Amino acid sequence: MSELFAFSHPAFIWPAYAITALGVGGLVYWILSERAAVKKRLEREERRAAR
Amino acid sequence: MISYLANPRRFDIFARYAIPVAGALAAVLIAVGLYLSLIGSPPDYQQGDTIRIMYIHVPAAWLALALYFAMGISSAIFFIWRHNLADVAAASIAPVGMVFAGLCLITGSLWGKPTWGTWWIWDARLTSMLIQFLLFLGYMALRGALEDEKLAARLAAILAMAGLLNLPIVKFSVDWWASLHQGATVFRDGGPSIDPSQLAPLLVMAFGLTALAAWIVMYRMRSVIMDRRARALSQAREARGGAA
């Protein structure tokens, strides 16, 4: 593990991994929150249609 | 297989099983890939540890191109056969492809500065990849800009199909023009020229991120199908209200 802190050019390597994590994590968060909103809307429309 | 899944109900059943499998596969492969990329592989004899940026930059580039190819083919199927599920697939792929194309450009820039001495150069490979990113962005902007969703889907499909022409330009730009960017080291005649200690983390990360992209695209396809169902119910209710 100690070699992780001894990389040459850490100012380029770690931002590259951090930005990738942010990009992919943001994408996953966005699709999960989009699903929650869509699910809520569909359930509301199905309840209204059943009335 | 594709024609079998072209039915939204069959796709829904398939996706219910495929989504958790892809998610689990992505979690395991990315965890192993990160270990190999950051700890299990040696530094490069010339580039030192900056080679570790390759393990995220190259899979992001491959995925951006593969996702654009899938989006273009889905758009063609929608445009020619008016198959709505193909349109759902294309619309779901676009943001995922845009993120990976963006990550490819940013990580490439972070790799370029210590390796080439510059963050950016108007080189054929870099410029064609920027165009690829803008094609994803343009596709999404076009879909969101028009109120008539059917017209927006057809115009966006035309843009996606036209953008397919950029794929061979990205791939062969390093062969066709003098480029600062290195040539192919994995998909090349005579097999990969990259060392096995670097090829293993690269492939594990590529498969892991591919599984993650498949998980995201299938998950989003189900969301888009649910959204369209909700809108159809809403329109039917409004029509009934108007008739009454």
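Just so it is clear, glycine is given a Cβ too, placed from its N, Cα and C backbone atoms.
Whatever TrEMBL says is automated annotation, not expert-curated.
Feature annotations, reproduced from TrEMBL:
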type     : residues  : note
DOMAIN   : B:6-181   : domain 'Cytochrome c assembly protein'
TRANSMEM : B:21-40   : transmembrane segment
TRANSMEM : B:60-81   : transmembrane segment
TRANSMEM : B:88-111  : transmembrane segment
TRANSMEM : B:117-139 : transmembrane segment
TRANSMEM : B:151-170 : transmembrane segment
TRANSMEM : B:199-219 : transmembrane segment
Quiz item: Can you give the mean pLDDT for the domain 'Cytochrome c assembly protein' (B:6-181), rounded to a whole number?
Solution: 93
Quiz item: Per the 3+ Cβ pairs under 8 Å rule, pairs at least 6 apart in sequence, do the transmembrane segment (B:21-40) and the transmembrane segment (B:199-219) touch?
Solution: yes
Quiz prompt | Cβ-Cβ under 8 Å with the transmembrane segment (B:199-219): same-chain residues at least 6 beyond its ends | solution = 15, 18-19, 22-23, 25-26, 28-30, 32-34, 36-37, 40-41, 54-56, 58-60, 62-63, 66-67, 89, 92-93, 96, 100, 186, 192
